[in-house]
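Visitor: Pasting a structure here, questions to come.
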Amino acid sequence: MAFEDLLRDTPLTAEDPGARQQKKRIISAVNLLAITTGFIALIFGPLLGSETSHRVITIPSILEGLLFLSVPFLNFHKKHRFALAFLYLLHTLAIGYFCVVLGPETNLTSYVVFLLVAAFMLFSNVYLLPAAVSLNVFMVIAVLIIQDSKIVEPITLTMQNIRTMNILSNLAIIFLTASLLYTYTQERRHNEQLICEAMEEKDSFIKGTTHELRGSIQIMGLVLESANLTPNGSLVLTNKEYEFANHAAISAMQTINEIQDWSLIQAGKGNEITLSVINLHDWLHGTKAFEKLRKGQVTVYPDYSSAPEWIVTDRIKLTTLLQNLIMNGVKFAKETVFIVAELDQEGKLIVRITDDGPGIPEAQATDIFKPFISTPNQAFKSTGLGLAIAMHMKQALRGDMSLESDPGLGGTTFRVSIPIEIASAFEIPNNQEIDLSGSDILLIEDNTMQRMLLTKILRSKGILVRDFASVYEAIRAIRENRPDLIISDIELPKFSGFELLASLRHDQEYREIPFILTSGNKIHPEDLKPYDQHITGFILKPFAGYRQISREIQRLLSPKELHKSVS
């Protein structure tokens, strides 16, 4: 990796300590190279100038040295990429100048090799690297033309002057090359160490994740197996067995969600903000459900009396942020987790999540936000990604997060501050439910179990459901009887849900049918862009019960939406 890759004209932030430290090392390396070159110019230039008694060497050398010493000041003012380009430009111009002034006796070839090596080590940008090499080539051609045509008459040098010049120039090249190779080698060794650590973390993560999933699946299997062992052959689950199976399913789903969230973050996706209206009171009231993670052991107390009921923000990012912090609190709490939400004087949403657990030692306060860092806990195991994901969501929402903990007294508080808007009366949705019985919904899902369960849930509400495993069967059914709404999985055999959607939208007769896409994979907004104007709804599987999908169906089949589709 070239140094230029890591030098962006952006402030160093505390949120990513690894990247911050790496960037600091690169800046230090550039400063070292600039300072080394500056002192070489300030020392060797006047020495050669005094021996030859020529000011055309002494004065430019001093000016060159001072300019090189200005590079650290550019870095201090966060002009990192400019400092790097300026450093290389100074090297090129200085070498070109002294090769012209001192004549053919200068060691031009050695300097050119140094400049080319420096260009490939310092730059990788598709514009900067070719520009640096082109500048180098142009300088060489210009110097050779000037030397050959004697446009500029070089100074007269004695044999002693030439010997001194060669000694000083060779020493300068050795110092410069050694500085460049030293900094590059140090950074490369550090990167190799990071790769080894990342591989170890990856192996540990895979082992831990597979262990968690295997344990959850094993629990569900044992519960179902024990249910099959009843004397009369009927399936009977005790409340305790049901709780075991439900907890195992929640744990497995949490693990999968964290893996998917982290994969999007690692791919550099998921930073876009999609604003929507949220009933904050309802959501915070629903946090009581986190008690199920340690039922009978931990109680969650949400307090939203000082918070606005309806807010505008990115629903997914805010809920992902708070869910991960709340689950972390439930994981370590002895008995209670308090969630307090309020507005501050600047109109920001402040949420404090406090648990009565053992507390976090100060030495670990920064590490816990790194990926794959997980503190052992007998009550609740995790992938070690939750707090890292929460930190990323906080950054995406342009918020702040702080941690207060006292390992001596116990207890930990996460404080989150997020800029929001309070929803106007016009934006607040009408929560009045409409009767969906008699609605004709066409369902396309190739997973037999998911199709059967969703069909059963919808039919229990009086909805007419026609379910199919393939697009071919679904198209035939759509033509026979136009449905009120279509629910389709994206990943289908032969033809995807995207292709079915595009086909229907180009057909005048069926283009206005509301269409809900579903997927078991987290879809990035960039993947949905080609279909933005066609998609009316999207739900991530697995569905959080009937309520989630019912809310989306009601939105699309409400009289207002139907009127919009007809008009």
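Using the three backbone atoms N, Cα and C, a Cβ is placed for every residue, glycine included.
According to TrEMBL, the record shows the following:
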type     : residues : note
DOMAIN   : 208-422  : domain 'Histidine kinase'
DOMAIN   : 440-556  : domain 'Response regulatory'
MOD_RES  : D489     : 4-aspartylphosphate
TRANSMEM : 29-49    : transmembrane segment
TRANSMEM : 55-75    : transmembrane segment
TRANSMEM : 82-103   : transmembrane segment
TRANSMEM : 115-146  : transmembrane segment
TRANSMEM : 167-185  : transmembrane segment
Visitor: Does the transmembrane segment (29-49) come close to the transmembrane segment (167-185), meaning at least 3 CB pairs under 8 Å for residues 6 or more apart?
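Guide: Yes, the transmembrane segment (167-185) contacts the transmembrane segment (29-49).
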Visitor: Could you please provide the mean pLDDT value for the domain 'Response regulatory' (440-556)?
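Guide: Mean pLDDT for the domain 'Response regulatory' (440-556): 81.
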Visitor: Within 10 Å of the Cβ of D489 (4-aspartylphosphate), how many other Cβ atoms are there?
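Guide: Summing over all protein chains shown, D489 (4-aspartylphosphate) has 21 other Cβ atoms within 10 Å.
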